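Student: One structure coming up, written as structure tokens, with questions to follow.
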Amino acid sequence: MPKYKTSEQVLSLMKDRTRVRNIGIIAHVDHGKTTTSDQLLAASGIISPKVAGEALALDYLSVEQQRGITVKAANVSLYHEVEGKGYVINLIDTPGHVDFSGRVTRSLRVLDGSIVVVDSVEGVMTQTETVLRQSLEERVRPILFVNKVDRLVKELKLGPQEMMQKLMDIIKEVNNLINIYAEPELKEKWAINPTLGNVVFGSAKDRWGFSIPMAQKKGINMKHVIDAYSTTDKTKINELASQVPINEALLDAVIKFVPNPVDAQKYRIPKIWKGDLDNELAKSMLNADPNGPVVMMITDMKVDPHAGLVATGRVFSGTIRPGSEVWLVNAKAPQKVLQVSIYMGQFRELADEIPAGNIAAVLGLERARSGETLIDIRYKDLQGSFEKLHYVSEPVVTIAVEPKNPKDLTKMIDALRKLSIEDPNLVVKINEETGEYLLSGMGFLHVEVSLQLLKDNYGVDVVTTPPIVVYRESVRNKSQVFEGKSPNKHNKFYISVEPLNDKTIELISNGTIKEDMDSKEMAKILRDQADWDYDEAKKIIAIDENVNVLIDATSGVQHLREIMDTMLQGYRLAMREGPLAHEPIRGVKVILHDATIHEDPAHRGPAQIYPAVRNAIFAAMLMSKPTLLEPLQKLDIRVPMEFVGNVTAVLSRKRGKVLNMTQSGSVARILAEIPVSESYELASDLRGSTGGRAFWGTEFSKWAPVPDSILTDVILKIRERKGLPKELPKVEDFLS
């Protein structure tokens, strides 16, 4: 099918919303997600069928092709016919490697269905579970694709009965997860059932795949598969590919089981739209109305060397056209759309307009960032947005970068800025004291890939320090009240600190509790779910990004209102760099009990208020068993039984602990936790000790206290690295 015809067909079909499907492919790393995407593209005539699987059309960054993993979520619109009717399928490829899960979470918001790819031999892995859980939370309907079925014949040498058993086990495991994570009314409706056809078995690499209904129709069964792989001759495999082509099996299932945008938005908008569901914007979105006001959610920002910033996202309501005036809800800024287009592989094809229910690429939104909500400017006073996406992990590894050639400094700064626009999980900071540029990511791989992108895309060669793990400071006990005085002694703050309980930390981290919510609603949630006193919870005046809260327990303090903003800023600055090692503070409740404030504004500026607030908080922290928290990673390791001892030895050398171990057949599955600081050489150690026979996945687990036996050591090392005095701070240092 010639491509020019396709892009015209795609554009005309987009107007009929019942013929549109928005899907993504999600999976654990290396289970064959991008190869699956390629087969779907090849069938649409976007890549030639001969090179699909080699081409990795969606892996268009050279980093991805070298490493063979997908880093960016790429978009493409496909054309597919079922029973003579044409459909548009917007396909979004998402990364399966844990270091990039921020991108997965973002892509899910704009999908209505997902193809979950699982390797037939490895089965359901941690990352499969994480992405499936996230997609069910976003009300995205799953279809299952069990890939690499050829491995059951070639490597495990199973017969037809055993093969079916192995495949049924995977289906059972996926249904188990749907049962745990899907909402009650969707559990049964969305369960995977082979006889209905919402599961496809096949091999993406060899281009064949079938659902049970399709196999019955075409007279194919598992015996044919075993025969095809039992000879060295490829002809039988090619016959399979022409009898049951993978793209037909998957896309037929997508069209049958994934809802169109009109049906999907009815039940997805109430879940993902944070705002009044009765106003005009929400009503128009619930119906995916192309004639309503424009509402679009931006999921991805890319820097195109020729076109500038390209924003990609889904139009939930209205029709977006060049010249549309829109309002960015998060940036609080008006913008004008210059150009709209659809994706075909990595290329953008211009369009005159893109109606609700479709994925669009938009030029002209210089101020937009991933996660932005964009609405018709005439409706900017109607409040509401797609909730702040909560990503699954937070940046835990930092490196300092400087250009190899000092002349490249401005080029590097510009490149870092662009990278952080494209990837919100990458944090770029400047260390004011040393002038270093710090880059923080989700794990060693994330940071490594970002450096490679600097070199490939922006031509900047950088010198880096070894990766540094990020810590947090916290407390373990309740402190007494401390007085913090301003340098001029005219302002005093009386403050105590105590640790937040785990439930509160969880509610803030997952976005249930937010600083800007109604205080009564917040207090009710904290009382019912986290054992707070209702009256105390109502007095929360700040929650910062590192999960600390500030409570104003004062009554009738004169002039406090007037300096409130300055005091809050002082609190936030203190929370960014704690007393032990200048690392961010996490999980602390700060209570302001009383204050004395000078009546003359000249004597109560930031230079007086900041140190007073900070000193009281730091003194209180040092008296309440302060500690460092380190990031832990969850490991999910599959390894033959005979290597279990070697794996546990590697883990215990790295301060890891085994949480659970199960066995199926001759393979053990070990769930463990290990500090990120110890995981640097983990890959080579695990491979070395198991002769390369261990598969594993990692994922951010939680922050946990550094063991007391090494605490002082760790603190002193960080202080030395930051050029701070070698001795630990004392309470007296902060009391004047």
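From the backbone N, Cα and C atoms, a Cβ is placed for every residue, glycine too.
Per Swiss-Prot, the features are:
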BINDING   27-34, 93-97, 147-150  GTP binding site
DOMAIN    18-262  domain 'tr-type G'
MOD_RES   H603  diphthamide
Student: Just to be sure I understand the packing, how many Cβ atoms besides its own are within 10 Å of the Cβ of H603 (diphthamide)?
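Tutor: For H603 (diphthamide), the count of other Cβ atoms within 10 Å is 14.
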Student: So how many other Cβ atoms are close to A27 (GTP binding site), meaning within 10 Å of its Cβ?
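Tutor: A 10 Å sphere around the Cβ of A27 (GTP binding site) contains 28 other Cβ atoms.
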Student: Based on DSSP, name the secondary structure state of A27 (GTP binding site): helix, strand or coil.
Tutor: strand
Student: So, in DSSP terms, is V149 (GTP binding site) helix, strand, or coil?
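Tutor: In three-state terms, V149 (GTP binding site) counts as coil.
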Student: Determine, to the nearest whole angstrom, how far the Cα atom of V149 (GTP binding site) is from the Cα atom of the residue listed as 'diphthamide'.
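Tutor: Between the alpha carbons of V149 (GTP binding site) and the residue listed as 'diphthamide' there are 75 Å.
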Student: Across the whole of the domain 'tr-type G' (18-262), what does the mean pLDDT come to? Round it, please.
Tutor: 79
Student: Going by DSSP, is the residue listed as 'diphthamide' part of a helix, a strand, or coil?
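Tutor: Assignment for the residue listed as 'diphthamide' reads helix.
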Student: If one measures from the C-alpha of H603 (diphthamide) to the C-alpha of A27 (GTP binding site), what distance in angstrom results, rounded to a whole number?
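Tutor: So the Cα of A27 (GTP binding site) lies 59 Å away from that of H603 (diphthamide).
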Student: Is it possible to get the count of other C-beta atoms within 10 angstroms of the C-beta of V149 (GTP binding site)?
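Tutor: 25, counting other Cβ atoms within 10 Å of V149 (GTP binding site).
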